[in-house]
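Here is the structure we will look at, set down as structure tokens.
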């Protein structure tokens, strides 16, 4: 058997959990951090700055058109996002020297240390920390939504947190219907808005606000708010608190099946949120009542939620940069595998890092 060619100049090879990694020599001390449905993550130290970074390697991104399309979208979304509460790219590189050889690329992002799910398992969060974390979630969402992107799968596990309680939203805009077909992974539905779980209608950005409400309630009580065993059980759990919706809401549902189901439900009164959320301040309860509304059209937006009195002590409107619209017209084009490869390779090569690797992006460039 012939041995593999030597690593590209300026790169080195290392095996990490039975996978060959070939990374730029500036990234030292590769340590496995975790792996998911689509890729693995290592921490490393950027030898130029001494900063710890996270490097993600996608599993065989060009194994099919579907995987290639997803990899391309992830790269373009990460390149687009420049906000302190949204994960963005510090670097992207490929060890492959030409388009013909192109099979892998690596995404370099800030290293955050933990996620909100792990944090909640290990400690009870004070009201101040809850307020600061929710404020950052909403700032990140306001920016993502202004870019025209919907997260679709916000949950504690994809909210990265560092030791200073600074939060960044991960994996935005990637949760598409193809996920379970591609990987067999079942998506957690406990944080998903009812209109997403049941495919009621074309959903809007407020699906993410529902998720923030579920996460905020869990931080306050230490318990998952709506823990259904399946789709319909999830809806029952939700309605035990929100009550059954009025007839005018049921009329808006686009699916006849959903309409019939809703009309057949026994009537449930809305619960007083303060009784469910013991220990929560009146302002926190009021904010949650505006987030956890069955009718998505009546739900508060991220921009509106940020003006709520609950955040009065934190709000800094100067600190809410505007986003440029993300152009997703490229993402849904039908392309051959070779074409996906070509456009992805072009995106990798055209990446320009933030002014200083590892530095916070200055406000005037945070567009």
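Just so you know, the numbers here start at 1 and follow the chain as drawn.
Backbone N, Cα and C atoms are what each Cβ position is placed from, and that goes for glycine too.
Here Swiss-Prot flags 27-311 as domain 'Protein kinase', drawing on sequence analysis.
Over all protein chains present, the Cβ of residue 33 (ATP binding site) has 17 other Cβ atoms lying within 10 Å. Positions annotated as ATP binding site by Swiss-Prot, on the basis of sequence analysis: 33, 34, 35, 36, 37, 38, 39, 40, 41, 56.
The annotation active site, proton acceptor is assigned in Swiss-Prot to 153 on the grounds of sequence analysis. In the structure as shown, the Cβ atom of residue 153 (active site, proton acceptor) sits within 10 Å of 23 other Cβ atoms.
Residues or ranges marked as phosphothreonine by Swiss-Prot: 183.
Among the features that Swiss-Prot reports, phosphotyrosine is placed at 185, with the record citing a large-scale study or a structure entry.
For residue 35 (ATP binding site), the same-chain residues 6+ apart in sequence whose C-beta sits under 8 angstroms from its C-beta are 17, 41. According to DSSP, residue 33 (ATP binding site) is assigned to a strand segment.
Considering only the binding-site residues 37, 41, the Cβ with the fewest other Cβ atoms within 10 Å is that of 37. Across the fold, the C-alpha of residue 39 (ATP binding site) and the C-alpha of residue 153 (active site, proton acceptor) stand 17 Å from each other.
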